[in-house]
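Taken verbatim from TrEMBL:
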- A:Thr81: active site (ACT_SITE)
- A:Thr157: active site (ACT_SITE)
- A:Asp158: active site (ACT_SITE)
- A:Lys234: active site (ACT_SITE)
- A:6-45: domain 'GatD N-terminal' (DOMAIN)
- A:72-263: domain 'L-asparaginase N-terminal' (DOMAIN)
- A:284-390: domain 'Asparaginase/glutaminase C-terminal' (DOMAIN)
Number of protein chains: 2
Amino acid sequence: MVEGVEGKRVRIKAKGRIFEGIAMPSSTGSFVLKLDNGYNLGFSEYELIEVIEEGRPKEEIAELAKKEELPNVKIISTGGTIASKVDYRTGAVTSQFSAEEIVSDVPEIAEICNVDAMLLYNILSENMKAKHWIELAREVYKAIKDGYEGVIITHGTDTMAYTASALAFMLSTPSPVVFVGAQRSSDRPSSDAAMNLVCAAKTAISDLGEVVVVMHASTSDDFCHIHRGVKVRKCHTSRRDAFRSINNPPLGVVSYPSGDIRWLSSRIRRGERELRLKDRLEEKVVLVKFFPGLKPDVLDYYYDKGYRGFVLEGTGLGHVSTDWVDTISRIAEDSVVVMTSQCLWGRVCDRVYDTGRYLLQAGVIEGEDMLPEVALIKLMWLLGNYDVEEAKRLVKVNLVGEINPTTRYWDEEVEK
Amino acid sequence: MVEGVEGKRVRIKAKGRIFEGIAMPSSTGSFVLKLDNGYNLGFSEYELIEVIEEGRPKEEIAELAKKEELPNVKIISTGGTIASKVDYRTGAVTSQFSAEEIVSDVPEIAEICNVDAMLLYNILSENMKAKHWIELAREVYKAIKDGYEGVIITHGTDTMAYTASALAFMLSTPSPVVFVGAQRSSDRPSSDAAMNLVCAAKTAISDLGEVVVVMHASTSDDFCHIHRGVKVRKCHTSRRDAFRSINNPPLGVVSYPSGDIRWLSSRIRRGERELRLKDRLEEKVVLVKFFPGLKPDVLDYYYDKGYRGFVLEGTGLGHVSTDWVDTISRIAEDSVVVMTSQCLWGRVCDRVYDTGRYLLQAGVIEGEDMLPEVALIKLMWLLGNYDVEEAKRLVKVNLVGEINPTTRYWDEEVEK
C-alpha cells in the first residue's frame, strides 16, 4: 500500500481499469478502495494515479461506511489481544487500541452491519473481576434496549469464558451477545483478529438469542465456531483454535470469508427470551481444585471468612478424599457445596462409588456436566440473588444451557 | 458356562470334536479349556461329556498356567475399579478383588507372561496420599531388582496420573512400569478391565524403560494407548477412552487382541537407565487454581503454615491477576512458585504480556508445557530431595520427559 493515502479520495489503475474512491484502512496487506456506490474493492496490485481530495478524519470514514439497509451492531471493547499491538520497544504485547480503531482495521465489517463502537475497558482479561462483569452486563442490556440487532464484546481470551458465563446468568437476552477475541495481536501477519471479528459480526445479526463465544475453529483461516458461553473453555495457551465446546457441540459454524452460518445443535432463537437483567453477584464463592493429599482445612479457611459457596474440582466422577467428608458435612449446613470434575469432560455422578455416596450424605450437590468455572460463576450469581436453600435447589437446575439432560460427546462424534 | 466345573478336568464336545483339559475361569462368557499342551481354547457353544477329575485350588491353576519360556511380570494391585465389582445390595461399586483374582479372571494374560500378583492396597484412588506413592515406589523397585521383566500396577483411574507421575520422578527404571485401570468394573459386560490388562501385560514385556499408563484408546475394543506417565491425564469422567496424552503424542499403540505394539514417538528404551530410587516427597506443596476475583491471601495462608512450594494454575499463557504480584514477590524469596496453565494444552510463556513479565520479575518460574498436576508432583519431589535454590533450577529442567523442548500438538496432527 502506498503510504499516506489512507482516508484520501484517490484514482488508481488496477486490473486494466481506472477506479475512483476513498482509500480505506486495511490490515490484510491489500489495498481497499471504497467506491461511491458504497462497495469496497480490494486489490493486491495497483498503481496510484492521483490524490483527488485530502484525507478525512477516521470518524468520518466510519460514518461514511454506514449504510441504511444494514442492521446496527454495538461493539463494546474491554481490552485483550484483539485490541493489542506489539510494543516494539519491549517486544511485549499491550492493550492500546480503541474499539473504533479495531473497526477501521477490519473494513469487511462495514459490509455486514453498521457499527457503533464503545471503549469500556482497556485491561488484560486476567484482571477482570465481578464488578467489571456487572458493569459490562449493564452496558449490553442498555445496547439491546436501545434497539441494536446484536452486541459484540471484544475481550481477552484468558478469561473470556468466565465473563461469557457471568453475562449468560445475569442477562436474559432476545438478541445475540457475542464474545470475540484474538490469540495473536492484530498487527501480526498470523493474527486471527480480522477473521474472528467478521464471524462475530455475522453471528451478531443472526437468528440467535443467547450469549456466545465466536472464535477460530481450525488451524486454517476457514471457519469459526459459535460456542455456547456456558459450555466453552480455552484449551490451549497459544493456538488460534484454542476454544472448545465441552460436553456440548458448538452451536454453529461460521464460514470465512463468506460468513454463512450452519447451525450444529439446538440454540435459543432470536426473540425467544425477554430482555431482563439480574446483575448481583456474590463474591465470596471459591473454587478449590482437589489433588491427592490436599487437606480440607482450606474449606474452613474460606468458611471462617464468610464464604458460603464452594465449588470443588474433584477427581473422576466427582471425588475428594474420604477425610474431607467431616469438614464438608459441617460447612454444608449453611453453604452450597457443588462437586465438579477436573476431567472437564463428562458428568459428575456421586452414586457409583462409596466415596461419592458419603459426599452426597455430607451435603455435596452434584454439578452434573457443568464445567468447574461455570459452576463457580453460577454459584456467585445464585448466592447474589437467592438464599442458600434456593441456591442449593437451582444449582442443579438447567437455567441457560449450562446443564444438559444427558451428556453428548462431541469429540466422540467428530473423531469418527 | 456349565456351573461348577471351573478348575476341573473335563471332556467336552464342540465344533464336532472331542476336547479334554482343565476348565479355566473366564470373564468373557465363553468357555475356556486349557489343553495339556498348554494352549487355551475358547468355545461359545459346547456340550459337557464328563468330569474326569475334581477341581484344584485357584493358586494351583495359576501355577499350572505358568510356562518356563515366558517372561515374569509382577502385578501390584492397589485397588480401584479394575479390582472392583458391583455390590448388588447397594448398587454401588466397591473395591474387593485381589490381584490373584484379577489374573484368574483374564486367562489370556497367561499366554503373555508368568504373573506373580501382590495385593498392596485395596483403596479407591482419591484416598491415595504421598505415603502410598512412596511405599508403592519401594515395592516396584524391589520387584525390578528381583529380576521381573516388568511391573504392572492396577490402580483406580481417578488419580492414576498423579501416582504415575510420582513414580516417574522417584524411580529411575530400566524396565517398563505400567499403570492400568478400568472405567467399568470387571463384572460388567462393557468392562474394559480384560483388554486393558492384556495390553498392559504386552507393554510390561516390551522394549521400554519408563513409567507409563496403558488404557483404552477408542470407543471400540480395538486398541490401547501407551501414555508417558508425566504427560497424561484423565479427560472424561466415565468414558473408557478417558485418558489423553497432553502436549505429547502417546508413546505407542497396543492392538487388541493381537497385542502388537506400534511405537508412535520417542521413548526411553529398556535398559537405558539404571535402577535407582529417590523416594522422598515434601508434602507441604500446594496447587492453586486461579480464577477472576480470587485473592492472593490463600498463598499467605499456606506460606504461614510452612509451605515452600506453590504451583499456580493460571489462565492462558500463565497469568494471574496483577494484584497477586506483591504477594508472590514476597513468598518467592524462599519458596518455589511455578506457573502452569488451566488451558492444559500448550506452553506457559510469561514474556508476551505485561502481566506475565511482572510475574517473572516477582520470581515466578514458567512451568513450560508441564501439566499443573505434574508440576505439583515434581515440586513435591524436588523439595523432598533438594534445597529451594536447586529446586528452582531443576523445576524448569526436563528430568523424565515431563517437559518437551518444543510442544508438539498431538490433536492437531490426528485431527487432520
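Note that Cβ sites are derived from N, Cα and C of the backbone, with glycine treated the same way.
If you take the C-beta of A:Lys234 (active site) and look for same-chain residues 6 or more apart in sequence within under 8 angstroms, you find A:Thr157, A:Asp158, A:Met160, A:Ala161, A:Ala242, A:Phe243.
Helix, strand and coil residue tallies for the domain 'Asparaginase/glutaminase C-terminal' (A:284-390), in that order: 44 helix, 22 strand, 41 coil [DSSP]. Cβ contacts within 10 Å of A:Thr81 (active site), excluding its own Cβ and spanning all protein chains shown: 29. Looking at the domain 'Asparaginase/glutaminase C-terminal' (A:284-390) alone, the prediction's average pLDDT is 96.
DSSP assigns A:Lys234 (active site) to a strand in the three-state reduction. Around the Cβ of A:Asp158 (active site), the number of neighbouring Cβ atoms within 10 Å comes to 31. Secondary structure at A:Thr81 (active site), taken from DSSP and collapsed to helix, strand or coil, is helix.
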